[in-house]
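Enquirer: Sharing a structure, written as structure tokens. Questions coming.
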Amino acid sequence: MSPLPIFHRLPHATFSSFLLSLSQAGSSKTSVAFLNAFKSEDIIARIGLWWQLIRAVVVVPVFKFLVLLCLVMSVMFFVEVMYMGIVVLYVKLFKRKPEKFYKWEAMEDDVECGSASYPMVLVQIPMYNEKEVCEQSIAAACKISWPSNRIIIQVLDDSTDPASKELVKKECDRWSKEGVNITFEIRDNRNGYKAGALREGMRHSYVKQCDYVAIFDADFQPDPDFLHRTVPFLIHNPKLALVQGRWEFVNAGQCMMTRLQEMSLSYHFTIEQQVGSSTFAFFGFNGTAGVWRISALNESGGWNDQTTVEDMDLAVRATLRGWKFLYIDDLKVKSELPCSFKALRSQQHRWTCGPANLLRKMAGQIIRSENVSLWKKWYMLYSFFFMRKIVAHILTFCFYCVILPATVLFPEVTVPKWAAFYLPSLITLLIAIGRLRSIHLLAFWVLFENAMSLLRAKALVMGLFETGRVQEWVVTEKLGDTLKTKLIPQVPNVRFRERVHLLELLVGAYLLFCGIYDIVYGKNTLYVYLLFQSVAFFVVGFGFVGKYVPASSYLA
């Protein structure tokens, strides 16, 4: 009896003609070989035949279609990057500074009114178990140059660790004794996380006397002149709702991972934020280092925790109300980059999942809005959301980490040189403009960004389809000076599960296999990229990135 009796029940005549039609482009010997393999009792031969059929009918056509799709996305992304580069070049060449387009006058004491001529400003500092950085951030906020009777420092502490909460309270009491108008606010719960804390902070009675609110995360240290540089724009330009400053990183040189993060974020601020501000007066609020007009914030519905990007959510809703934003590139606020890989992964998950989920929830409102021009809607939906928050992540992982390596295994699937090499190189060089002094790290940055693309692709799917950890909010760990002072214990025996990321290792193995296959059977030099990229995935997969901080060394 045949080991595969089901094959003998198939209509052999029909199937034979099908095989012949598939192989008609080949020789008659090939066709006969196909038929003989099908009629054979050898299970290996039949499996091989079925694979050849599936490869010819399904796999290769699918990959060819995906390559075409990726080529289209590559061109779209290149055009987007070129457009942003041209805008920034125009802004730089013609020195189109904010002061040229928005009225700005320095704040001075009125002879008759004195400090009463200054508007009331609320400074909010949300915190959660951040004892390593709370003192420096509170101190920086309390040193802001502004009349003491026209500013309120509001520390919103959601800490669950008694030691952290006590330290924050002591710091607030210390500055209060020095004459600073500072309040220490706590909640019974953490509903809404950061958005919930900010929302509760705005409900206090003393906030009603304030005109503007400046927001700084716990690791941010504004310069004393921060309000003097931002508030005048809001005073003299009633259509402005937000003035955003740029992040500057005090620990950028701490390790390779922080240097690579600095490159990405420098591009975000130098190019993306500046383009949005210069063209459509719209960009995503960065959640910190910015000043809001309180009336605009309230008119837009206040803080909403429907997504994990409450800052971007508020920016979109304010724009739909007709408000404008201003970004000041040379207004730098010191902050800290995540130096542990665990913290970076949590941050990148939130920064990718949140915008995708926000697009899902707000796209309809953007389209229907009557306060936004057609071109601005196009910019918001296409450039801001679709290209930068969706296509960029899909293209990076699917094309460069899955489809391009697969062309080694399927020679029938070809990728033009301009798409495989020239276009990505141009895009990378354009992105590198944001941080020219780090251009020598460009190759490492490309490999690291590709390795991180798997995490971002997963987060993107969660956000778009609202599944899994779509509402997960993990506060990015800040270490302040603890690494320098060695307050974090060195733990030589690290638990394996804390470091290993299985999916990254699987992708690394896939790339390694493709690279070796290309060396043995290939006719190009794609293996050079594949082998280096596989190493990057293995490094990320085994957690050999950044400063390792054991879970027991900081508070969750």
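Even glycines carry a Cβ here, placed using N, Cα and C.
Pasting the feature list from Swiss-Prot:
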type	residues	note
TRANSMEM	58-78	transmembrane segment
ACT_SITE	D158	active site
BINDING	D217, D219	substrate binding site
ACT_SITE	D311	active site
TRANSMEM	390-410	transmembrane segment
TRANSMEM	426-448	transmembrane segment
TRANSMEM	502-522	transmembrane segment
TRANSMEM	526-546	transmembrane segment
Enquirer: In which DSSP state, out of helix, strand and coil, do we find D219 (substrate binding site)?
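Expert: Going by the DSSP assignment, D219 (substrate binding site) belongs to neither helix nor strand, so it counts as coil.
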Enquirer: Quick one: Cα separation, D219 (substrate binding site) versus D158 (active site), in Å?
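Expert: A Cα-Cα distance of 15 Å.
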Enquirer: What are the non-local neighbours of D217 (substrate binding site), defined as same-chain residues 6+ apart in sequence with CB under 8 A from its CB?
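Expert: Correct list: I125, P126, S137, G287, T288, S335.
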Enquirer: Counting across all protein chains present, how many other Cβ atoms fall within 10 Å of the Cβ of D311 (active site)?
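Expert: Neighbour count, Cβ to Cβ under the 10 Å cut-off: 21.
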Enquirer: At a C-beta cut-off of under 8 Å, are there same-chain residues at least 6 beyond the transmembrane segment (58-78) that contact it? List them, or none.
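Expert: Apart from its flanks, the transmembrane segment (58-78) reaches 387, 391-392, 394-395, 398-399, 403, 406-407, 410, 412-416, 419, 423-424, 426-427.
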Enquirer: Roughly how many Å separate the Cα of D311 (active site) from that of D158 (active site), to the nearest whole number?
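Expert: With distance taken Cα to Cα, D158 (active site) is 18 Å from D311 (active site).
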Enquirer: Please list, in sequence order, the residues in the chain of D158 (active site) that are at least six apart in sequence and whose C-beta is under 8 Å away from its C-beta.
Expert: P126, M127, Y128, I186, R187, R190, Y193, A197
Enquirer: Have a look around D219 (substrate binding site) and count the other CB atoms within 10 A of its CB, chains all included.
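Expert: There are 26 of them.
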